[in-house]
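Participant: Structure provided below as C-alpha cells; questions to follow.
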C-alpha cells in the first residue's frame, strides 16, 4: 500500500495510468495462473463441502458443537478470500494478455475494486480472530469439560458477531483513500494511496495476526499439558492440526512484517509479493484439508452417500471434544 503519489492535481479523481510490463513471458505467466487456479478452485470446493456438511447435510450432528460452528464461519472466510485474493487477483496479475486490453479502463477511481479490497482485508482480520476462537475453544474443552458446552452456547452468537464487527475499526483508511490499479508482474492489481499515512492496513493486520499466533501457541500448550492421559490419543489429531495451521500463521506474520515496515510501491512485482500469496493459500486451502484429514467423521460425512451419513449420524455422540477427532 503506497505513500507514493503521482504528479496530479487531484489524487481522488484524476486518471492514474496503468503501465503493463511486457517483459514477462506470457506462456509462463498463464501457466502460473492455471496452476494456482486449479488448487484455488479445489480449496473453494473443499471449504464449501465442509460448510455444507456442517450447516445443512449433517446439521443434527454439528449444530450443537461450538467448535464446528466456528469452523464453518472460518470456511466462509476462506471462500471469500479465495474468490477475491484468489480468482480475481490471480486473473488480473498472471493472465497477462488482458493487461494491454483493459489498462485504459482502470485509470479512473475504482469503486467496485475498492469494495473488493475492503472485503479482502476485512475478512483477513476475521480469519485471525476466528483462529483465536478456535484454539480457545479447544482449550476450554479440556479445562472446563463440564461447563464447556454451556459457556460457548451462551456466548457463541456474540463472539461470531464480534468477529465480523471488530475488523471495521481497521477498514476506514481504505474507505476514504483512492484505490487504483498498480502494475504487478505482467498484469495489475489493486493498491491504494493512504489518506492517513500512519494507518497502514498491513500494520492493522499484523496486530491481529500476532494476537492470533500468540493465542495459538499458548492455548495449544495449555491444552496439551492439561489434557487427561486417556484423552491424549483422541485430541492428538486436533493438536497436530493446530500446529500445522500455526505454521501457516507464522509465515503470514513474516510477510505482514515485511509489508508493514519494508514494502514500497515499487515492490509489487518482487518475488516476496508472489510468495505472500502462497502463505495465504496455505491457510485458506490447507485449513479444510487438515480438518478433513484429522476428523474421520467429517471425512465420512463429506464423501459417503447420504444413506450412510444418516446411519452414522445416529451413532455419533455429540460431545464437543470427542466428535472432532474421531
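Yeah, the Cβs are placed from backbone N, Cα and C, and that goes for glycine too.
So Swiss-Prot says this about it:
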TRANSMEM  36-56  transmembrane segment
TRANSMEM  67-83  transmembrane segment
TRANSMEM  115-135  transmembrane segment
TRANSMEM  156-176  transmembrane segment
TRANSMEM  204-224  transmembrane segment
TRANSMEM  243-263  transmembrane segment
TRANSMEM  274-294  transmembrane segment
Participant: So which of 36-56, 115-135, 156-176, 243-263 is most in touch with the transmembrane segment (204-224), counting Cβ pairs under 8 Å?
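Facilitator: Most contacts with the transmembrane segment (204-224): 115-135.
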Participant: Which bits of the chain, at least 6 residues beyond where the transmembrane segment (243-263) starts or stops, bring a Cβ under 8 A of a Cβ in it?
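Facilitator: Sequence-remote neighbours of the transmembrane segment (243-263) are 1, 131, 200, 202-203, 205-206, 209-210, 212-213, 216-217, 220, 272, 275-276, 279-280, 282-283, 286-287, 290.
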Participant: Taking a Cβ cut-off under 8 Å, which residues six or more beyond the ends of the transmembrane segment (67-83) line up next to it in the same chain?
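Facilitator: Tertiary neighbours of the transmembrane segment (67-83) are 40, 43-44, 47-48, 50-51, 54-55, 119-120, 123-124, 126-127, 130-131, 133-134, 137-138, 141, 156, 160, 163, 280, 283-285, 287-288, 291, 320, 323-324.
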Participant: Determine which recorded stretch among 115-135, 156-176, 274-294 has the most C-beta pairs below 8 angstroms with the transmembrane segment (36-56).
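Facilitator: Top-ranked stretch among 115-135, 156-176, 274-294: 274-294.
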Participant: Do any residues, 6 or more residues outside the transmembrane segment (156-176), come within under 8 Å Cβ-to-Cβ of it, and if so which ones?
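Facilitator: Beyond its ends, the transmembrane segment (156-176) has Cβ neighbours at 66, 69-70, 73, 114, 117-118, 121-123, 125-126, 129-130, 133, 192, 194-196, 199-201, 204-205, 208.
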